[in-house]
Amino acid sequence: MTTDIDIAHAKIHRLSRLYLTLSRCNQAVLESASESDLLASACQIAVDAGELAMAWVATIDPETGTIRVAERFGRGVEYLESVQISPDAEDPNGRGPTGTALREGHPVWCDNFMRDPRTAQWHALGERFGWSASASLPLTSNGHVVGALNLYLTQQNAFDAATRELLGEIAAVISFGLGRFALEAARQEAEDRLRDSEDRYRSIVEHSRDAILLTAPDGRILAANPAACRIFGCTESDILRLGRNGLVDTADPRVTAAVEERRRTGSFSGELTMRRYDGERFPAELSTSVFQTHSGEVRTSMLIRDVTERKRNEAQLAYLAQHDALTGLPNRLLLTDRLNLAIAQAERDGTSLALMFLDLDRFKQVNDLMGHELGDQVLHQAAQRLKACVRASDTLSRQGGDEFLIVLPNIGSPETAVPVARKLLDTLITPFSLGDREMVLSGSIGIACYPEDGTDADSLLRNADAAMYVAKDLGRNRYQFYSPAMNERIRERLMLEIDLRRAIERGQLFLNYQPQFAFTNRLVIGLEALARWQHPTLGLIPPDQFIPMAENSGLIVPIGAWVLETACQQQAAWIAEGLIDGPMAVNVSMHQFRQPDFIERVTDALSRSGLSACHLELEVTESVFMQDLDRVMQTLEALRSLGVRLSIDDFGTGYSSLSHLKKLPIYRLKIDQSFIQGLPLDQENAAIAGAIISMGKRLGFEVLAEGVETQEQARYLHSLECDAGQGYLFARPMAARECTDFLRDGAGATPAPS
Ligand SMILES: Nc1nc2c(ncn2[C@@H]2O[C@@H]3COP(=O)(O)O[C@H]4[C@@H](O)[C@H](n5cnc6c(=O)[nH]c(N)nc65)O[C@@H]4COP(=O)(O)O[C@H]3[C@H]2O)c(=O)[nH]1
């Protein structure tokens, strides 16, 4: 029988175990390394020291709000594996002591576990484990309920006031411990966050490619990042020593405005010149802003970007946009700009200016003959020479191709341009050397002056161009001032070109034939076909005038085909009549020769006319051999295998390489008439003619002299063993009918040299 004394003893015993529990929990709070450590110890202490059946701690998952078993100790903990407790009051699993304590934040005492309706769901377990009473004590952390300490006892009605107080204190001690851990965790987290943020800022500052400086209002620099050291070329302490004024180029006039803006608005961003440690100045983009530190000090942050490279690229781009890549001269864009400026200045000052349009003569031919690479070299050299002829205040520009424009600003009168034009022409005429080759060039210049020939850039350009066109027309290598009549002349030229297009179909072209003679017996050995144009209103137009026009416009191909066809027909007819037995020479222009179907055209002309190939001679100029020799050789070989004869016309005026010459399937050289003039007295011509004849003969070629006008020339050439001659001395070029008579009358009736 249980007596009051027994009850009192039991109570004292329980209380003393609970005091022990409290004391151990205090100890655990001090010794635990973590929250779970503390909770695990608390459960174990409650069971061991408090002599309870079982203890466990429920905590609320802060993320999901669900309740989980954090720690447990004692008899029956296995049931906790599958226990389900909800924080929700509507859920039957949430209406038990733990759910209620957690939700309502006060202890829930069950003095008779097995009878208490709140524990109805767990009576079977109570039965099994011998639980007679239970307590659920909320655990808090810094004022918030974070869990519940659940204790199970084997005796009923154990929760008297003193016990409740003691258990409350135990929960309070554990709560204190939890609060400490939470605070510690929060502090740690704050520290981590601070460190992270510091790391982030440091890495931004340290890895920035721009200089970042922190300065004080008195201009002292307090900190500088590694980029600042790299940009200014010194150490951080050097930068600190230099201070703000040591880094900015105070001579930059923009500095005052920048300082003023920063003072007024608290920030500045713009461009300034800065100085490196070694004194070198460089362009920089600056962005500064003034701010206050936490302790109230005024500071300025400066972000400095070195824009040297960007400026250099920009300048390079601007330069390229305004200059010609090949020669480095200003291009049309820059020239137009300068021309407009010069016009404005001339207008203001009442002065004149001259605009020159310079075009290199026959440069297309140079390009075709020598290839674009050498052509570019010529242009480059020409540009350098022209540049040396003008003043720094003049603008020389290349417009592309072989065209140059020169602005002479502020000249007294148009005549002032004359010596400059002469100088430009003279410098071009000096031979150009290209490796082991030399070449002679010339230019034609058109000059238009402000205000006489135009008061705006467009009309000056147009008129200088027209004047240049006329300079070319008048024989090239000359300058020509603009006059209003020129436009008319150019119009006429264009009309003439249009007329030429129709000349073939309208039957306005015809051929003249000039016989060629052997020096030995003065007999006709062949004929040359020479084209003529009978214009309906302008009369007879010489080939020197329309052949270049045809070459420039591409008309030379149909014209050349017509000449070939007609000459073959005519020769076939004369041969059939027995009037001649030699070849008919036909001039072939380079353009025509390079046509892919040239061989076909020759074969067609021969077969249509019935002329045998050996009665056709094709005259090409040296220029044909100067480019793409392999292809030229193929064409020449194909012609030779047809049986057609080939000769080089105007020999001596080009730049044939002798080594090439000996390989060519050529049968005749025609010495240009300019070397025949003045023979035999003209010593220079005598030497050249002599050299060509002896070289030609030695290489196995026949040699024919063109433009033989006098007996002296004929005699001299004969004495040099020149094979044949052609010229007014023997016969002029004649129309077909006249030539027929000539041949019938017994060609070769020219007086023999005495
Ligand atoms: N001063 C002088 N000149 C003489 C004498 N004997 C002949 N001539 C001229 O010299 C030129 C010889 O022709 P070329 O050198 O082939 O020079 C030709 C040739 O290069 C070109 N040409 C003429 N017809 C044709 C053609 O059908 N096709 C091509 N591609 N060019 C042609 O036009 C050039 C000039 O032809 P033309 O005016 O007919 O001029 C001809 C002829 O009339 C003389 O004793 N003294």
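Positions of Cβ are set from backbone N, Cα and C atoms, glycine also.
Automated prediction, rather than curation, is the source of TrEMBL annotations.
Per TrEMBL, the stretch carrying the note coiled coil among 96-123, 180-207, 264-291, 292-319 is 180-207. Within its own chain, the domain 'PAS' (197-240) is flanked in space by residues 247, 274, 276-278, 297-306, which lie at least six positions past its ends and keep a Cβ under 8 Å from the stretch. Taken together, the residues in the domain 'EAL' (493-747) have a mean pLDDT of 91 on the 0 to 100 scale.
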